[in-house]
Amino acid sequence: MSDPKANRMVSPERRSDDVGDTALRPQSLSDFVGQQQARKNLSIFIEAARKRGEALDHVLFVGPPGLGKTTLAQIVAKELGVGFRATSGPVIAKAGDLAALLTNLEERDVLFIDEIHRLSPAVEEVLYPAMEDFQLDLIIGEGPAARSVKIELSKFTLVGATTRAGLLTNPLRDRFGIPVRLNFYTIEELESIVSRGARVLNVGMSADGANEIARRARGTPRIAGRLLRRVRDFASAADADTIDRKIADHALSALEVDAAGLDAMDRRYLTTIAMNYGGGPVGVETMAAALSEPRDAIEDIIEPYLIQCGYLQRTPRGRLLTSHAFRHLGLAEPNRDAAQFGLFGTDESDD
């Protein structure tokens, strides 16, 4: 069974070939494009903390992958003029790992924990007093000889990032004084990101070329940067000094990313429902078997963007294609009564 996100050009998750995207990242809030209200608020909080000479309150970035949570965390540290340490939830396996990180922080430093929702309960218990009182409560030894030790910590800022806020425990979520939700980017914002990236990569970019890449980037800067690097390769091979709409369209079509940002896997999913199941409804387990993909991959990787774009509905009776999907596929929409759309369905099992 294939990993459905391993080779997808439009996967918002970080890929092994994304090492070049660090050069495209903005280095300050003023360079950062999009998330206007979040940037404005962060700028005020950072300036206030700087003026008081205090550590910034703990920050939680919430949003889909690829929207700039890690970049913003690095910018926060730079704007504060303090040290930056980065790790992720799965890496902190035990309380001792967290203690080692916290005790090495200097005053007002930023500790960034990506995928913070994946911290173990034991590690979270150690994190609570560290965030609230800047103290570590550790148990040294075992059995009758065990004793509790309190360690004073430097006042630091914890910046957490999560794609799944619902998996955070309430005690952890409540300890973040500055929650920041990141949203998908507009085409105009992505055009600015693509144009800036082209300047960083020293490649010419026309306005219509930037628009073509932005329209297919699924509202996600990481995808926009990845598409830009691949389109640049096509332009270099063709000895083109400037990426225009024609070059961008040729390159992205060769990469099987269509005008709506859908790739071969998206189209295969939609076409299977349209051709094999009359547009639905069809259960997710049936689709998993038909596509030879695990259920969680379909629910977490394939479906979210299709639902966001209005191509797919999740109904009590199963997955259902919309009229928009049939138009995109160039197929005639079958006659379907209202019950098929789940308006009167009561069966919540969905396979």
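From the backbone N, Cα and C atoms, a Cβ is placed for every residue, glycine too.
These features come from Swiss-Prot:
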REGION    1-22  region 'Disordered'
REGION    2-185  region 'Large ATPase domain (RuvB-L)'
BINDING   LEU24, ARG25, GLY66, LYS69, THR70, THR71, GLU132, ASP133, PHE134, ARG175, TYR185, ARG222  ATP binding site
BINDING   THR70  Mg(2+) binding site
REGION    186-256  region 'Small ATPAse domain (RuvB-S)'
REGION    259-351  region 'Head domain (RuvB-H)'
BINDING   ARG295, ARG314, ARG319  DNA binding site
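Counted with DSSP, the region 'Head domain (RuvB-H)' (259-351) comes out as 46 helix, 9 strand, 38 coil. Across the binding-site residues listed here (GLY66, THR70, TYR185), the residue whose Cβ sits among the most other Cβ atoms within 10 Å is GLY66. ARG314 (DNA binding site) sits 24 Å from GLY66 (ATP binding site), taking the Cα positions as reference. Here the binding-site residues are ARG295, ARG314, ARG319, and the one with the most other Cβ atoms within 10 Å of its Cβ is ARG319.
When Cβ neighbours within 10 Å are tallied across all protein chains shown, the highest count among the binding-site residues LEU24, GLU132, PHE134 belongs to LEU24. A helical conformation is recorded for LEU24 (ATP binding site) in the three-state DSSP classification.
Computed over the region 'Small ATPAse domain (RuvB-S)' (186-256), the whole-number mean pLDDT of the model equals 93.
When the region 'Small ATPAse domain (RuvB-S)' (186-256) is classified with DSSP, helix, strand and coil residues number 50 helix, 4 strand, 17 coil.
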